[in-house]
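Quick notes on the structure that follows.
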Number of protein chains: 4
Amino acid sequence: MAESLADYEPLARDVLPAAVYDFVAGGSGLEQTVGLNRAAFFAITLTPRILTGLAKPNPSWMVLGTRWELPIAVAPMAYQKLLHPEGELHLAAAASRAGIPYTISTLSSVPLEKIAGVAPSWFQLYWLRDRRVVTSLVERAVDAGCGALMVTVDVPVMGRRLRDIRNQFALPPDIAPENLVDKVTEAHDAVPGVSAVAAHTASVFEPAVSWRDLEWLRSLCPIPLVIKGILDPRDARRAVEIGADGVVVSNHGGRQLDGAIASIDALGPVVDAVGKDCVVLLDSGVRSGLDVLKAVASGASGVLVGRPLLWALAVDAVDEALALLGREVRDAMLLAGCADLAAVRELSVGRATWPIWS
Amino acid sequence: MAESLADYEPLARDVLPAAVYDFVAGGSGLEQTVGLNRAAFFAITLTPRILTGLAKPNPSWMVLGTRWELPIAVAPMAYQKLLHPEGELHLAAAASRAGIPYTISTLSSVPLEKIAGVAPSWFQLYWLRDRRVVTSLVERAVDAGCGALMVTVDVPVMGRRLRDIRNQFALPPDIAPENLVDKVTEAHDAVPGVSAVAAHTASVFEPAVSWRDLEWLRSLCPIPLVIKGILDPRDARRAVEIGADGVVVSNHGGRQLDGAIASIDALGPVVDAVGKDCVVLLDSGVRSGLDVLKAVASGASGVLVGRPLLWALAVDAVDEALALLGREVRDAMLLAGCADLAAVRELSVGRATWPIWS
Amino acid sequence: MAESLADYEPLARDVLPAAVYDFVAGGSGLEQTVGLNRAAFFAITLTPRILTGLAKPNPSWMVLGTRWELPIAVAPMAYQKLLHPEGELHLAAAASRAGIPYTISTLSSVPLEKIAGVAPSWFQLYWLRDRRVVTSLVERAVDAGCGALMVTVDVPVMGRRLRDIRNQFALPPDIAPENLVDKVTEAHDAVPGVSAVAAHTASVFEPAVSWRDLEWLRSLCPIPLVIKGILDPRDARRAVEIGADGVVVSNHGGRQLDGAIASIDALGPVVDAVGKDCVVLLDSGVRSGLDVLKAVASGASGVLVGRPLLWALAVDAVDEALALLGREVRDAMLLAGCADLAAVRELSVGRATWPIWS
Amino acid sequence: MAESLADYEPLARDVLPAAVYDFVAGGSGLEQTVGLNRAAFFAITLTPRILTGLAKPNPSWMVLGTRWELPIAVAPMAYQKLLHPEGELHLAAAASRAGIPYTISTLSSVPLEKIAGVAPSWFQLYWLRDRRVVTSLVERAVDAGCGALMVTVDVPVMGRRLRDIRNQFALPPDIAPENLVDKVTEAHDAVPGVSAVAAHTASVFEPAVSWRDLEWLRSLCPIPLVIKGILDPRDARRAVEIGADGVVVSNHGGRQLDGAIASIDALGPVVDAVGKDCVVLLDSGVRSGLDVLKAVASGASGVLVGRPLLWALAVDAVDEALALLGREVRDAMLLAGCADLAAVRELSVGRATWPIWS
Ligand SMILES: Cc1cc2nc3c(=O)[nH]c(=O)nc-3n(C[C@H](O)[C@H](O)[C@H](O)COP(=O)(O)O)c2cc1C
Ligand SMILES: Cc1cc2nc3c(=O)[nH]c(=O)nc-3n(C[C@H](O)[C@H](O)[C@H](O)COP(=O)(O)O)c2cc1C
Ligand SMILES: Cc1cc2nc3c(=O)[nH]c(=O)nc-3n(C[C@H](O)[C@H](O)[C@H](O)COP(=O)(O)O)c2cc1C
Ligand SMILES: Cc1cc2nc3c(=O)[nH]c(=O)nc-3n(C[C@H](O)[C@H](O)[C@H](O)COP(=O)(O)O)c2cc1C
């Protein structure tokens with residue numbers, strides 16, 4: 001049984017095929033950034049407040065026009081049927097029960113409409129070579145009632161994930177990118193020295209996307225637009241200028257540019273650059289309710305949580321995991337003397353003397 | 001046999017039931033702050049002085065109107081019968097022989113009056129849901145001759161201590177919170193996935209305490225009032241304003257908000273904030289006489305020592321342990337050229353280049 | 001098979017005689033600088049840019065009047081027949097196919113003219129006691145069409161490489177310094193407590209070289225002159241003053257002064273000191289395409305790569321290794337949103353919180 | 001065989017009784033300062049210079065009116081017969097052959113006159129309770145021709161060295177403090193829980209020495225006076241004021257105040273405080289010729305070397321060790337481009353990014 005969100009990883013490792021475990025856990029290159037994401041969270045300390053007369057903190061989160069139970073969204077993650085027979089449907093329904101938004105990946109293994117049918121969702125867009133498909137995906141997401149469009153801009157191509165290459169990782173035949181037209185793809189072909197999922201994205205993703213394309217998307221998109229994968233404050237400022245409603249400070253969980261700065265270390269300058277002009281979310285390395293507080297105290301409006309929820313999905317424990325995460329957030333708020341997220345933002349944030357790994 | 005205070009932990013581990021060891025040793029969450037407390041002490045260096053013509057340093061400590069042999073008090077710690085058949089009585093008597101104050105916990109497993117009968121004591125107050133009990137505890141402490149009231153403000157609820165949850169930790173039937181009315185409690189019920197002691201505190205502690213309540217307590221309390229569990233200098237300043245005589249800079253030994261700043265790292269700003277307006281004590285991570293010097297040189301008036309004394313209690317070596325601790329303090333003062341605590345406060349405090357673990 | 005440049009070291013270790021492995025891998029003294037070179041690269045983080053509309057980055061490098069495919073040259077390394085029967089010829093031909101310059105060592109185990117015949121080359125000069133040989137080597141390099149003369153100034157004598165001393169490392173009879181007159185040398189005599197290659201260099205290298213000698217060399221040398229082994233910005237400035245076209249910021253891969261600053265840490269001040277007055281290259285510790293980007297983003301014009309290419313040579317995989325390295329550079333540029341090296345230079349460079357080893 | 005000074009420790013460990021090994025290797029308390037001394041040296045980087053036209057560096061050292069071959073003195077160390085049948089005589093003769101000063105300990109196991117007869121020596125003075133013995137020791141040292149009097153001020157009592165306490169360390173009957181009147185001492189009595197050597201010093205050393213006593217000593221002492229064991233710049237300044245010719249920045253190799261700042265970290269402020277008004281030496285943690293350069297580049301005039309020479313003594317290799325140390329110094333100077341110690345002082349000193357242990 002799990003007593004903290006971190007407990008699911010070893011449990012999942014025990015039940016998953018090694019190549020699937022690696023696909024989820026892994027990062028690109030030497031996985032420096034995977035490590036940095038964790039180290040940077042450990043390095044942060046909080047200074048709790050006392051005697052605030054608080055019995056029950058309220059972690060509810062107002063973002064992009066909606067109020068949620070927690071300052072947490074499920075990060076967009078491809079092919080969730082790898083982890084559970086019902087895949088996205090199962091995790092999305094749990095998110096809905098927990099009162100947090102679910103982000104549907106372009107590469108979901110269940111059609112987006114079905115997922116949006118079970119949970120209030122955001123839709124994550126990868127820019128595909130065929131622009132008509134881009135337009136159609138946006139329309140489908142809007143029609144399905146998605147509350148926001150999150151366009152991911154840090155995947156011109158997939159980062160070289162050496163584990164997948166070594167594992168010749170490919171999708172099993174019954175799992176496919178259900179939102180796309182071609183469902184039998186390179187992603188299914190195990191080839192020595194190749195990650196089949198990387199080969200697939202190389203064939204369908206447009207690498208050469210520009211700010212001009214984003215302006216076009218902005219004009220096209222009637223719902224809030226969030227840009228995911230920003231680390232440089234100059235780019236964050238540009239996002240505001242083209243009318244984005246939000247940005248996600250993210251290094252894609254260490255899966256794209258290895259050696260990229262830890263997201264949480266990149267957060268401050270981005271927050272300073274955009275001020276109140278757009279919403280700033282963060283992902284990469286959030287592993288506990290405490291980390292959620294650390295991110296919010298460091299200036300994030302809220303966070304996306306990735307891998308931990310896939311580990312819970314793999315062991316059929318998503319409701320428990322989300323309950324635990326909510327509990328960790330509320331406990332940390334109570335112990336830090338924070339009635340609400342605004343109070344969390346007022347906490348003093350420090351830096352640990354020396355590395356302490358749990 | 002023990003040659004340093006640090007020696008008692010492995011000795012105690014050998015003799016204690018694993019769940020009791022864990023209850024004492026553990027912290028909340030991933031125990032980041034437990035680790036930070038130690039790392040932060042290791043990181044501090046002192047620059048000794050020479051040729052001060054000193055044969056025998058005087059570590060005696062004037063605090064809250066009384067002079068003690070050492071700048072050390074026994075930290076309030078619940079249920080000491082877990083470690084020794086006589087529990088609090090045994091440790092308190094040793095403290096008395098050593099000439100240092102003993103702090104009686106609200107959750108002592110011996111009635112406070114009995115303990116105060118064997119040793120000059122302070123009384124630690126947890127704020128209970130039933131305010132009449134709060135009033136009565138204060139009156140009893142005053143009547144019993146306690147020299148100070150130390151109100152602990154960092155436990156609105158108990159931090160999630162995963163070891164206790166995993167161990168389904170509960171009190172044995174013969175150990176109870178003897179100061180409280182209800183002695184057969186949730187703390188005795190082993191329930192899967194639950195720390196029984198946490199369940200008990202959740203039922204009896206008032207989580208929503210405010211500064212206004214503290215003002216009320218101040219008006220009620222005829223003896224010196226110390227607030228335990230302050231880390232933010234703004235809160236320390238507020239403590240002065242409501243008339244507190246002292247504060248304890250403490251993260252509760254890493255048992256409350258995991259990820260909280262190390263107490264010793266929080267000390268400087270608190271000392272700067274309160275100046276000479278109240279006494280500043282420190283706990284969390286003190287493991288040797290050297291650490292006592294590091295704390296005092298960093299601005300603390302004196303320290304509370306927690307776990308190390310419980311380890312000594314478990315192996316029936318409290319007199320030896322306190323003698324050793326006193327010796328470590330005196331040795332370190334002599335080698336640092338410090339005639340008294342005022343001289344310790346003048347030492348230069350530095351920071352080690354790199355982590356050195358003992 | 002190798003999926004990253006770093007993969008060749010363990011592969012080579014498996015096939016090489018231990019003493020040859022040690023000769024290549026080792027550094028001087030306690031190998032502090034060998035470690036620092038790696039740690040300093042790990043410590044650097046990059047902040048990628050997005051939406052630059054880039055499909056295919058162009059890593060081509062204009063240096064010393066020539067354009068190359070990558071901002072990478074093969075570092076000069078002695079006696080490559082130790083690793084492959086064809087030695088230098090094999091690696092140089094691969095460099096040529098990859099479109100990058102090959103640097104011929106004074107101590108090559110194949111005559112320089114032969115190497116220059118198979119690849120566009122630079123010639124690395126060690127200053128020998130017999131000045132006529134120096135003059136003759138320069139003339140031979142120029143006649144052979146070498147594009148630059150790289151004079152190495154950090155080897156007055158060889159650093160004490162304890163592995164070689166412990167191994168009594170000596171050259172096998174069929175490997176010799178083919179550019180020199182005396183080919184049967186001290187380098188072949190295994191003597192207890194002695195590195196034979198060090199004994200040989202002690203006998204033929206001139207330790208007492210000065211800036212005056214460099215001025216003489218400059219006047220003598222009709223091709224671009226690069227000074228290899230500069231770490232102090234004052235020396236870099238001096239190099240500009242005597243008319244050098246370039247400098248290599250290098251600690252010789254940790255093989256000369258143990259305890260020397262990591263090259264990448266020395267880079268910034270050197271770049272500041274010389275401005276645009278000469279080309280600044282860097283070596284020591286580059287192990288991946290990502291490291292190439294880190295170096296360029298930190299101010300280097302390009303880098304030399306040493307040991308990794310010898311490991312590839314040992315397992316007969318130089319074409320694959322150079323292709324992989326090129327791919328790593330292009331991938332990293334694409335993921336960092338950099339169309340060309342000028343864009344790489346504009347990236348923000350940060351420092352990791354804490355050590356992360358891959 | 002040894003190829004670096006660091007090699008002698010494991011060799012000695014193999015041949016020495018464990019308690020003797022511990023007596024030499026150990027420090028006080030948790031040995032934090034023993035570790036800090038090493039870490040602080042590893043943390044220092046040097047930036048070598050080039051093309052200085054140097055064939056043979058000159059490490060000779062002018063100090064207190066005498067020129068020596070190296071900027072190194074043998075640190076005063078008690079009871080050297082523990083390591084070699086001839087003890088001090090053997091090491092002193094080797095120092096003499098190597099052209100460096102030998103410091104005779106008050107607690108030498110050979111009478112000081114005998115040692116001064118085989119080597120140019122300094123005499124180290126511990127302040128004894130019987131002031132007539134102090135006077136007599138100074139007179140004897142002067143009469144024996146000692147070149148300086150080094151008074152050690154960081155041993156009011158011996159630091160608690162837990163290894164010695166655990167080992168009940170005592171001197172064998174044939175080893176005694178030969179300079180003292182009482183030669184059969186507490187140092188010979190093995191008592192549980194006691195270090196016999198500490199008990200002996202407690203009985204004969206005067207703990208309460210003051211600056212006033214030093215003034216008296218200064219007036220008494222016709223030869224240069226050096227104060228050993230200074231870390232605080234205020235004390236260094238005071239040393240100048242009472243007319244000391246030199247100070248040794250030292251934490252006694254981590255054997256006195258555990259938690260004391262690393263000597264090399266304390267050096268800079270001391271050098272700034274005394275300027276050219278007296279000579280500044282350093283000890284504690286010097287383990288190689290490179291460390292000697294690091295110390296001199298950081299501002300020391302020269303260093304004392306302690307334990308490494310005892311390890312060499314234990315394996316009867318003192319000539320070899322001193323030759324190796326000299327070679328390491330000269331090699332490092334040559335590779336750093338330093339003709340003499342003045343040039344070493346001009347080197348840039350940096351700090352390594354991250355801990356690198358050899
Ligand atoms: C298995 C997996 C699949 C992912 N798929 C997508 C995706 O389809 N679209 C996307 O924008 N990000 C994707 N991501 C990145 C996540 O949205 C998120 O940025 C990252 O996982 C956050 O880091 P964390 O896992 O450390 O929480 C994926 C991540 C993982 C682990
Ligand atoms: C077993 C245990 C019980 C404790 N009980 C109490 C308590 O009843 N009241 C309180 O204010 N603090 C309590 N504390 C916290 C201590 O007073 C103190 O803040 C902490 O232990 C200091 O850290 P240290 O153990 O690292 O010295 C307890 C700590 C431990 C380890
Ligand atoms: C086996 C070996 C031989 C070398 N021979 C030479 C040489 O002949 N001339 C030279 O200037 N540098 C020589 N070097 C140093 C390299 O040119 C280069 O500075 C260093 O290897 C860069 O560090 P890296 O190996 O970490 O990439 C040699 C290095 C190695 C490992
Ligand atoms: C076994 C031993 C005996 C020592 N005896 C003395 C002594 O008699 N007098 C003294 O001033 N210092 C003494 N020292 C301290 C040394 O002089 C010196 O300060 C210290 O060893 C330097 O550190 P290092 O060993 O790291 O080089 C002793 C040190 C050791 C290891």
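Using N, Cα and C of the backbone, Cβ positions are placed for all residues, glycine too.
Here is what TrEMBL records for this protein:
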type: DOMAIN; residues: A:1-354; note: domain 'FMN hydroxy acid dehydrogenase'
type: BINDING; residues: A:76-78, A:S105, A:Q124, A:T152, A:K228, A:S250, A:283-287, A:306-307; note: FMN binding site
type: BINDING; residues: A:Y126, A:R161, A:H252, A:R255; note: glyoxylate binding site
type: ACT_SITE; residues: A:H252; note: active site, proton acceptor
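Fewest Cβ neighbours within 10 Å among the binding-site residues A:P76, A:G285: that distinction goes to A:P76. Pairwise Cα distances among A:Y126, A:R161, A:H252, A:R255, the recorded glyoxylate-binding residues, top out at 19 Å. With respect to their backbone Cα atoms, A:R161 (glyoxylate binding site) and A:P76 (FMN binding site) stand 18 Å from each other. Ranking the binding-site residues A:A78, A:R255 by the number of CB atoms within 10 A of their own CB puts A:R255 at the top.
Put simply, A:R287 (FMN binding site) is 25 Å from A:Y126 (glyoxylate binding site) when counted between their Cα atoms.
A sphere of 10 angstroms centred on the C-beta of A:K228 (FMN binding site) encloses 26 other C-beta atoms. Among the binding-site residues A:P76, A:A78, A:H252, A:D283, A:G285, A:R287, not one has its Cβ under 6 Å from an atom of ligand 2. You'll find the Cα of A:R255 (glyoxylate binding site) roughly 16 Å from the Cα of A:R287 (FMN binding site).
Residues belonging to the domain 'FMN hydroxy acid dehydrogenase' (A:1-354) score a mean pLDDT of 97 in the model. Proximity of A:R287 (FMN binding site) to non-local residues of its own chain (separation of 6 or more, Cβ distance below 8 Å) is seen for A:L5, A:A6, A:R38, A:F41, A:P308, given in sequence order. The Cβ of A:Y126 (glyoxylate binding site) has 23 other Cβ atoms within 10 Å, all protein chains considered. A distance of 11 Å separates the Cα atom of A:R307 (FMN binding site) from that of A:H252 (glyoxylate binding site). DSSP assigns A:Y126 (glyoxylate binding site) to coil, not to a helix or a strand. Around A:D283 (FMN binding site), the C-beta neighbours below 8 angstroms that are at least 6 residues distant in the chain are A:A75, A:V248, A:V249, A:S250, A:G253, A:S263, A:V303, A:L304, A:V305, A:G306. A distance of 13 Å separates the Cα atom of A:Q124 (FMN binding site) from that of A:H252 (glyoxylate binding site). With respect to their backbone Cα atoms, A:G285 (FMN binding site) and A:H252 (glyoxylate binding site) stand 10 Å from each other. In three-state terms derived from DSSP, A:K228 (FMN binding site) belongs to an extended strand segment. Between the C-alpha atoms of A:H252 (glyoxylate binding site) and A:A78 (FMN binding site), the distance comes to 12 Å. Shown are the binding-site residues A:R161, A:H252, A:R307; of these, the residue with the fewest other Cβ atoms within 10 Å is A:R307.
Secondary structure at A:R307 (FMN binding site), taken from DSSP and collapsed to helix, strand or coil, is helix.
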